[in-house]
């Protein structure tokens, strides 16, 4: 039976459709913030109703937004749900925003996921950016410096960090050798995350956690639950309905933060019970002493109950970033055996076999340093900073950006910008060496962006760079890493706050010298 053709719309229906269209168009235009005279409106693609540009971001938002920057420029706007988000790309533009106009861009958006990190009191994630926040940040930075990269008069090591990493690297080599003897292969990530946690634990609490501590293992081995949800563009932060629907990643994120906070609260409480005010040996002790001093002065800068919040930020950053960097390093080494041998030849020539590498060897090991810089650039495993927000109406590159606007900083785009690097997809450590290969090209090395910039720059950046260097130097002096012939190594990054690679359980480590 033939279907009759659809009847044409009546004049009334056409008028109604036109009226609805005009109303929607007017509402969209009216919702756009007014731009002061002489300034430009933010460019950007049209998004879907309700969803905005969520589908555009896909599984790799850093790549999708870098692609959009080629069309719309270094400053453009997208929408996630109904929330406008300004995306910044380009090294010069990002430096202008975060360094030269740092006060305008130092805020944090009030994101739903951040409310679960130390119960919304995280110095790193919370929206607070006022004088008290700045003072606490300086205090955390000074305490971290004092018990990591500052000299330790009671040790033969150059600093606390060198002492802790040297000891932990020896333990790590022993664990790798035990696993090789038992099963002939291992997953390096599961071992590295424990070592990194033990090092930052020693700096925070003056002691390394026992190797088999179930509490510590439960926390650090589930840290991936955190980076899944805390990443830029997490849907739960921009689509409120997702908070009320079954959401396994969100529930895992909440559970992890609760366990992590309980673990640190218990550890900080135990540490306070045997705290010696006359002999400060760690970060938490320094914070206790400062808290008591300011309590007597009634300044209230850091009441004792807030100490765990600062320790949470320092401890959390101190093991995830390090673990991720070291794990990526081993994956690149087993897939680049020629470069691994070149690093080892440099270590043999400079350090030899009779002693461990030390931090003072860094200037004489430029190829290892170049490898680390190129690893940071090529993986860009921190693709975005934690989102920023504007603290007041401001202007950037001639564009008007209103107060309390969410800002995404695309670090991945900087590190893969052909104008900066020429061949960004090539892994080539030599690009960071001077013409004679004897030193690092400092101006070029400073363009690698992984730890943020300006007033929100990662307070543990120096610690991270030194720790990654020392771990790799000690491991590569003693061991040769490989995978069996024919075993594929997947280097596809998995998007998150820090991007991980798929786990590889077939890494092997063999002693380089017969007398080991």
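Sequential numbering from 1, following the chain as shown.
Each Cβ is built from the backbone N, Cα and C atoms, and glycine gets one as well.
Under the heading O-linked glycosylation site, Swiss-Prot lists 69, citing similarity to another entry as support. Following the DSSP three-state reduction, the secondary structure of residue 69 (O-linked glycosylation site) is helix. Cβ neighbours within 10 Å of residue 69 (O-linked glycosylation site), excluding its own Cβ and spanning all shown chains: 20.
DSSP assigns residue 364 (substrate binding site) to a helix in the three-state reduction. The substrate binding site annotation in Swiss-Prot covers 226, 361, 362, 363, 364, 365.
Within the same chain, residues at least six positions away from residue 403 (site 'Involved in electron transfer with reductase') with a Cβ under 8 Å of its Cβ are 390, 391, 392, 393, 394. The site 'Involved in electron transfer with reductase' annotation in Swiss-Prot covers 403.
According to Swiss-Prot, the heme binding site annotation covers 458. Its Cβ taken as reference, residue 458 (heme binding site) is surrounded by 18 other Cβ atoms within 10 Å in the chains shown. Classification of residue 458 (heme binding site) by DSSP places it in coil, neither helical nor stranded.
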Q | Those binding-site residues listed as 362, 363, 364, 365, and which of them has the most Cβ atoms within 10 Å of its own Cβ | A | 365
Q. Can you give the largest Cα to Cα distance in Å, as a whole number, for the residues 226, 361, 362, 363, 364, 365 that bind substrate in the record?
A. 38
Q.
Measuring Cα to Cα, how many Å separate residue 362 (substrate binding site) from residue 69 (O-linked glycosylation site)?
A. 37
